[in-house]
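Listed features, source TrEMBL:
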- C183-C192: disulfide bond (DISULFID)
- 153-193: domain 'EGF-like' (DOMAIN)
- 273-312: domain 'EGF-like' (DOMAIN)
- 1-29: signal peptide (SIGNAL)
- 331-350: transmembrane segment (TRANSMEM)
- 355-373: transmembrane segment (TRANSMEM)
Amino acid sequence: MASLPPRGLVPPLLWGLSLFLSLPGPIWLQPSPPPQSSPPTELHPCHTCRGLVDSFNKGLERTIRDNFGGGNTAWEEEKLSKYKDSETRLVEVLESVCSKSDFECHRLLELSEELVESWWFHKQQEAPDLFQWLCSDSLKLCCPSGTFGPSCLPCPGGAEKPCGGHGRCEGEGTRGGSGHCDCQAGYGGEACGQCGLGYFEAERNASHLVCSACFGPCARCSGPEESNCLQCKKGWALHHLKCVDIDECGTERASCGPDQFCVNTEGSYECRDVDECETEVCPGENKQCENTEGSYRCVCAEGYKQMEGVCVKEQIPESAGFFSEMTEDELVVLQQMFFGVIICALATLAAKGDLVFTAIFIGAVAAMTGYWLSERSDRVLEGFIKGR
């Protein structure tokens, strides 16, 4: 519960201001919650390992011309070890191999740091490919290119040319995925070794296939010409190796409602609503027709309204003034208030801004206003609510 305001003039104002600021603001002033973003797609651990190795190799390139930086490089390399294969260089590269926000990279590096050190000091000569040694052979997160799954099976079409070179093998290069081929447009089959619907074999040999598009409405064809069609798409009929549009509106294939009419289109048809307003269906003056789905309605034209079945011109009422509904007694009170305010103002000016006369002036204005509004308050508020 809020505490009572302290005595005096300024403290209550400060108390009221603090109370106002403590209240919850209107909904349009309150900050809107941040938009819910969809969670990022989680990468396969193989991709994380590949990124780590790529960053490691870039670090090696960046430090290839560095040394110990102690001044006497020849002595340091002779007594300690060569900087190229030193622990100092390894630490410098590992410190920057993962970005600060890449949590998966840091986690993988923590799990494989001993393996990386083992490769750095003992395996570089026999296994120069860090990605193959770390990600595929040691951690078993990745597979060779063209293979997929826990056992690194070859993708459809073979590891040399997965999916015939016309698609993407799901899970290729990782220990996951189904190995299913997602073929490019125009190609199909298990290993994307066939032409898809609407395409034909433009070129083919033992290792090469090129599929080209058929003529528009042809589903299967022997060439690109209109007369090379072997099968037609839905809505077309094969006639002398050409696809001819079927007029569904002239057959029983079209199914339109009782208040619709059929319009034939290429390979299909449309059901359109009958516009009854195209004919004279709304008798009477100042009426107009509005078409609706399956029917129509008659309404009065703009500037007219319906009265007893007839459209008559609307009468725009003149806006009434604020004082038009005041009684004579209220006008007399308002005149007295006006002259009272003038007299108080003159008295205040004559006193040259004396505080006593100023207080009397403000009090007189407040008293007369309160008296007048006490008689008019109900009707004034009602007039404002109605928009006057």
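Using N, Cα and C of the backbone, Cβ positions are placed for all residues, glycine too.
Note that TrEMBL annotation is computational and uncurated.
Beyond the ends of the domain 'EGF-like' (273-312), by six or more residues, the same chain brings 257, 259-261 to within a C-beta distance below 8 angstroms of the stretch. On the 0 to 100 pLDDT scale, the domain 'EGF-like' (153-193) averages 95 in this prediction.
Long-range C-beta contacts of C192 (disulfide bond), restricted to its own chain and to partners at least six residues apart, with a cutoff below 8 Å, comprise P156, G157, C163, G164, G165, H166, G167, C181, C183, Q184. According to DSSP, the secondary structure content of the domain 'EGF-like' (273-312) in residues is 3 helix, 20 strand, 17 coil.
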